[in-house]
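I have placed the structure first, in the form of C-alpha cells, so that the comments after it can refer back to it.
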C-alpha cells in the first residue's frame, strides 16, 4: 500500500490569457456593433445565419414545419407590415407586453414586471436601438445565463400570419422591443416552441441574474402582504400563479387558472374601522381581468376620496386590476419573487459588501449522481460544498406581521439581537439546471432536483477537507433542505446558526445526469468551497518496491522474448494471461488483459514499443499492487467494482485526484453497466502513472510541487 508520506503534487495556475473585463459573453460569437457596421457599409439588412427565419426557428412539434399552426406563416421585418415601426414608443411600460398564441405567459409576465424598473430593463434592452438612423435590421439584448451575462443578436424578421404578429405584441401596434426580446430568448434556447410552459422565476432570473424564490400560499399564510410590499420596495420582481391540472381555464371571476400574472403594486388603507390591503396584478394577455371586489367596475371605488381613486384606478381593458389580499389568497397558489443579485443591486443598504459564491457542476451517472435520499447507498457520491457562516444577522424589529420567511418581509429598523434568541445567519441557496430547456426538442425536460444542508460538528472539521470524508455524510445532522421539484430553479432562504455546513445538491433519482449551477448569497460574511482534492500521487504509487521475479515467470518472459530479450504488446498479453491464470481460477480479476491495454503498459513502462526484463519486473510489481487494491473493492468477487468506487480505489492505490479529473476517468473507464473490471482499472492506473511520471521530470528528486497552466495540464491529462 502507498504510504502517502512523499508526494508529487500538481498545482494548476491561470493561463494568463484572462477573460476580459467581465463584459457580456457574445452568444454564438456575434458582435452587434461589428454586424451593424458591416451591414450599413454594404447596404444589406442583416439576416441571422445562426437563427434563420424559417420553420426550424418556430419549433419542432406543435409549431413544427408540418404542423397546422406553422401553415401560412411569413417572416417579415416590421417596416414590411407596419407603417412607422418604433423600437420604443416614448417609455417602455407594463402594457407594452401582450401575449400572442404562444403559451409563454411566464416569460411575458416577467417582462411586464421588468418594465417597472427602467434601470433593470435597460440592462436587458440596451438603449440606442431603433428603425431610423443607423437601422441595419439587427438588434441585440442581454440575458443572464448561469453566472454571466450573454449578448444575443437577432435580425428583425418576425413570424407573421395574416399581417399580424403570431406571438407577443405591444398595446401600441407599432412598438417592437417586446417581440424582438422574445425572439432573442427563442434564439438562446433553440426555438419559439421551447418557450411553451414555464415558471416566472426562470425568466425573472434570466432578466436580472437574481435569485428566484417560491412561496406556496394557503388561506392563512401569514405575512404575505408584508413580504410582497417589501419585495416590490426592494425592486424585486414578483409574480403569482393560479395552478391548474387542466391547462388554462377561465373562472367566473375573470381569472385564468394555470396562468402567470405579474404583481406590480400594493396599497394599504383604512375604510372606517377596516384595514384594506390591495394587490395590483396584470394579465400578460392585456385583457381578461378580475371581476370581483375592487375590480375596475366595482362600486367600492366610489367609497374612496377622489384623489385616492384617481391615483389607483385606471378603467381600461389592459389586463391590469386590483384585488384584496384575502381574495388573492383564495385564488392563487404560488407567489414567485426574484431578489436582485448583488451585481444589480450594488452595495447593500447597510453599506457592507454582498457575498456570493457561484459553482458550476454536473451530475454524472455512475460517478456523482447519488439520488436525494441521505440514507441511500450512493448518496455520499453527490457533489458537496462546505459552507461556513461567520456573522449572524442583526435582529429586525417588525412594524407589521411576521413575514412568511421568518420576518423577511418586515420593513422595520435593524436593532440588536434580543435576549433569549439564538443568533442566526440568513443565506440564500439557489440551484439551477443548466441548458435543459434547449433539450426539449430531444424529448428531455427538467429533472426533479433539490439540495440538503447538513451541519458539520466541530470535531469533524479537520476531516472534512477532501472527498475521503464522504463516508461520514450519513452520520451528519440535517439542518435544512429545499423542496425537490422539476423546475429549472430551486431556491431556499435558510436561517442557520453560525457554524460549518455541507450543501449537497442532487437529482431526485440515482443516475440522472444534468449540468447545474449552485449559488450562495448572504449579506453577512461567509465562505464556501467545493469539497475537492488536490491532484497528487504518493511516490510509492509511482515507484513499485523492488521484488525479484519468480524464476518460472522470468523464464517464461525469456522464452517469449527470444533473442531480442524484449517483449512487444502482443507477447506481453500472452505472458500476463498465463501469469494471472491462478487469480482467474479464484474468480478474482477474471478475464483477459486486452491488447490495447498491453500497448498502453508497454508505452508507460518500456522504451519505444518494447519491454525489457527489467521493465517487466517493474510493471509486474505495479500489477500485483493494483490487483491487491482492486480485490479490496471487489467485495463480491465478481471481477468488477462499482464505478462510484473508482475514486476510492485510486486513492487507495496512491492517486489523489480532483473532481473534474475523476469524472473524466470514470466516464472513460466504466462500462455500460456502470462497472469497472480489472483490465479497465489497470488501464486507468497505468495512465495516471504515466502522467505523474511525466510531471516528475520537472522536479529535483522527483518530489514536490509541479505548477502547470490549465492548458498544459489538459495536454498532459487528455483522456479522449
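Along the chain as shown, residues are numbered 1 onward.
From the backbone N, Cα and C atoms, a Cβ is placed for every residue, glycine too.
Lifted from Swiss-Prot, the feature list:
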{"type": "DOMAIN", "residues": "45-341", "note": "domain 'Calpain catalytic'"}
{"type": "ACT_SITE", "residues": "105", "note": "active site"}
{"type": "ACT_SITE", "residues": "259", "note": "active site"}
{"type": "ACT_SITE", "residues": "283", "note": "active site"}
{"type": "REGION", "residues": "342-541", "note": "region 'Domain III'"}
{"type": "REGION", "residues": "393-415", "note": "region 'Disordered'"}
{"type": "COMPBIAS", "residues": "393-403", "note": "compositional bias 'Acidic residues'"}
{"type": "REGION", "residues": "542-720", "note": "region 'Domain IV'"}
{"type": "DOMAIN", "residues": "621-656", "note": "domain 'EF-hand'"}
{"type": "BINDING", "residues": "634, 636, 638, 640, 645", "note": "Ca(2+) binding site"}
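Features recorded in Swiss-Prot, as mapped to the structure shown.
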residue : record              : contacts (Cβ under 8 Å, 6+ apart)
259     : active site         : 105, 241, 242, 244, 248, 283
636     : Ca(2+) binding site : none
640     : Ca(2+) binding site : 634, 675, 676, 677
645     : Ca(2+) binding site : 633, 676
| said: At a 10 A cut-off on CB-CB distances, which of the recorded positions 283, 638 has the highest count? | reply: 283
| remark: The predicted model's mean pLDDT over the region 'Domain III' (342-541) is 81
| remark: Cβ atoms other than its own within 10 Å of the Cβ of residue 634 (Ca(2+) binding site), all chains, total 25
| Whose Cβ lies within 8 Å of the mean position of the Cβ atoms of 634, 636, 638, 640, 645, the Ca(2+) site, other than those residues? | 633, 635, 637, 639, 641, 642, 675
| CB neighbours of residue 105 (active site) within 10 A? | 25
| remark: Checked against DSSP, the composition of the domain 'EF-hand' (621-656) is 23 helix, 5 strand, 8 coil
